[in-house]
Amino acid sequence: MTRALIVERLTWRALVAGLMAMAVWLVLALPGLTQPAFPELTGRVVDGANLLSPAREAELEARLAALERDTSDQLVVVTVRALDGYDIADYGTRLGRHWQIGQEGGDNGVLLIVALEERKIRIEVGYGLEGILTDALSALIIHEQITPAFKEGGFERGIEQGVVAIEEQLRLDPEEAMARAAAVEAADAEVPVGALIIIALVFGFILIAVIGIVSSASGRRRRGGSDIAPILIWAASEALRSRGGGGGGGGFGGGGGFGGGGGSFGGGGASGGW
C-alpha cells in the first residue's frame, strides 16, 4: 500500500469521525438550543394533562389565590402530557423563566410540575424561597405526599397533598420555616447505620486485599518495596471516589407573572417519579 493511499484512507476516516462527532454534538445540544412548547399561563392551575376534575381545579385555584394574597408567594400547579425530550429540572427552570413566576424583587415563585408520560414530578423553587423550601424538604414532600398517591392512581389526591404541604411551609413564620427546613436538611445529611456498616466492610476488604498483595510482593522480593506505593495510591483513590457527591444549577431573571415580576430561579427544588 502506497503512502498516498494510506494518507487518503486516514483522511477519510478522520472526516467520518468528525462528522459523527458533530452529529452526536447536535443531538445532545439541540434541546438546549430550542425552547419547549410551553402551555399558556391561564391561571394558578394549568392542567394540560387533564388530571384534575373541574371542581378540584377550582378548589386549588382558590387556595393558591389565598396563599398569594396572604403571603405574596406564588405557587402554580402545572401538568403536562409530555416533556418533549427535556429533563424535568431543565423544563421547570425554563418554564419558570417563561412564565416569570414570583413577585418583583422577591423571586418568591414555586412550580409544582407533573409530567404524565415520563411519570415525573418536580418542585421548582425560586431564589427567594430556597432558604425556606429547600431541596431536601422539596424531595421529602414529593416522596411522602405526592408519589405514594400517584402510585395508586390518585393524581388529584397527590397534587392536593403536595400543594397543602408546600403551602404549610410557606405560611410559617420565616424563622420557623427556615428552622424546619434546616432540620430536614440535617436529617437528610445523616449517614444511616446500615450504610456505615457497608462502607466499613468495603474498606475492610480493600485493606485485606492490599495487605495480601503487599505481603506477596515482599515475599518474592521483586524490586524490593517499589510495588507498595502504587497499591496504596490506588487504594486511597478508590476510597476517595467512593465518597461521591456533586450538584449544580442555573439562573435566569425576568418580569411578569400574575402582575408580579419574578422568574429568577437557580435550580432549587427537587424531582421525583412514580
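Cβ from N, Cα, C; glycine included.
If you look up TrEMBL, you'll see 45-168 marked as domain 'TPM'. If you take every residue in the domain 'TPM' (45-168) and average the pLDDT, you get 96.
For 12-33 (among others), the entry in TrEMBL reads transmembrane segment.
According to TrEMBL, the feature transmembrane segment maps to 193-214 (among others).
Counted with DSSP, the domain 'TPM' (45-168) comes out as 64 helix, 24 strand, 36 coil.
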